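Undergrad: Just passing along the structure, written as structure tokens.
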Amino acid sequence: MASFSEKSMNVYILFTIIFGLGFLHATAELQKFTHTPKADGSLSFLVVGDWGRRGEYNQSDVALQMGDVGEKLDIDFVISTGDNFYDDGLTSEHDPNFEDSFTKIYTAKSLQKRWYSVLGNHDYRGDVEAQLSPFLRIIDKRWICLRSFIVDSELAEIFFVDTTPFVRDYFTVSEGHTYDWREVYPPKTYISAMLKDLDIALRQSTAKWKFVVGHHAIRSIGHHGDTPELKSHLLPILQANNVDFYVNGHDHCLEHISDKASPIQFLVSGAGSKAWRGDVQQINGNDVHFFYDGQGFMSVQLTQTEADIVFYDVHGHVLHKTNSSKKELHSSI
């Protein structure tokens, strides 16, 4: 009889082969995961970011409310906007922080769905390859984390972007931190290729709704504020390709801001655990619709014609709602 370790290794090799070939299929260089919507064609999911603290700083309380909302909405999956494991990512594939901050915290039945995750700057301070490793799916089958990839549900396409390498300060002002830049150097080439692949994938998309998810904000009035590199290099691609929503974490708050030059809505969900009370920049103009400096998360419900976004606090109370509508095109007979 094969030992547990041998069985684990066999499964690990299988997952490595699957991921190496591009799980299901690929668009340009971005791996694509197909996620079938509900029978009525609708889709619902939760978004949480900046959470992995072994249940501390109200992470467990947020997880509890996510479970309740997830059950009510019959969610299809969960999105993580990065900074999945504090303070310095994972040390290896066997780091107990993975189970202590993820598996043992998000235990509600409704949350036993796929978790699609991007990397944050804190994740880059650890062993990035460990967090990306398919071996983690042996420990918890929900976990899917890549640098950049696509989730295609027919109704919506969600484009996940690795934003940490965009930020120049991480390369020049390390503040005593060590970043795992394997597969990123030279960063200019890495970013250029990523943006090219994203632009191609967005142009090819026929989805009713287009979401782009990254860790860092394009627009934010929180502690970190706008990310200049994303405003310069990423935002024009989103505007040119009719993206509906850009979703991020990084700032430990909840926000809804409109783009002044396009229909894009900027949604910040980075309040999965430790929040920064009172850390807000001056609000200018009427493009900021909502800001909350406490813990919480976000839900998304989609149909062919409606997108309903709701922000919740750590107690499950609704803080803010927003709706986007699209006309349904009917073919003439």
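Glycine too: its Cβ is placed from the backbone N, Cα and C atoms.
Bear in mind that TrEMBL entries carry predicted annotations, made automatically and left uncurated.
When I checked TrEMBL for this same protein, it listed these features:
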DOMAIN    44-253  domain 'Calcineurin-like phosphoesterase'
BINDING   Asp50, Asp83, Tyr86, His252  Fe cation 1 binding site
BINDING   Asp83, Asn121, His215, His250  Fe cation 2 binding site
Undergrad: Relative to the Cβ position of His250 (Fe cation 2 binding site), how many further Cβ atoms are located within 10 Å?
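TA: The answer is 28.
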Undergrad: Including all protein chains displayed, how many Cβ atoms other than that of Asp50 (Fe cation 1 binding site) lie within 10 Å of its Cβ?
TA: 29
Undergrad: In whole Å, note down how far the CA of Asn121 (Fe cation 2 binding site) lies from the CA of Asp83 (Fe cation 1 binding site).
TA: 6
Undergrad: Between His252 (Fe cation 1 binding site) and Asn121 (Fe cation 2 binding site), how far is it from one CA atom to the other, in Å?
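TA: Distance between the two Cα atoms comes out at 13 Å.
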Undergrad: Mean pLDDT for the domain 'Calcineurin-like phosphoesterase' (44-253), as a whole number?
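TA: In the predicted model, the domain 'Calcineurin-like phosphoesterase' (44-253) has a mean pLDDT of 97.
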Undergrad: Determine the minimum-neighbour residue: among His215, His252, listed as binding-site residues, which Cβ has the fewest other Cβ atoms within 10 angstroms?
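TA: Comparing Cβ neighbour counts within 10 Å for the binding-site residues His215, His252 gives His252.
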Undergrad: Any idea what the Cα distance is from His250 (Fe cation 2 binding site) over to Asp50 (Fe cation 1 binding site), rounded to a whole Å?
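TA: His250 (Fe cation 2 binding site) to Asp50 (Fe cation 1 binding site), Cα-Cα distance: 7 Å.
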Undergrad: Do me a favour and check the Cα-Cα span between His215 (Fe cation 2 binding site) and Asp50 (Fe cation 1 binding site); whole Å is fine.
TA: 9
Undergrad: Cα of Tyr86 (Fe cation 1 binding site) to Cα of Asn121 (Fe cation 2 binding site): how many Å, rounded?
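TA: About 10 Å separate the Cα atoms of these two residues.
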Undergrad: At the Cα level, what's the spacing in Å between Asn121 (Fe cation 2 binding site) and Asp50 (Fe cation 1 binding site), rounded?
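TA: Cα to Cα, Asn121 (Fe cation 2 binding site) and Asp50 (Fe cation 1 binding site) are separated by 10 Å.
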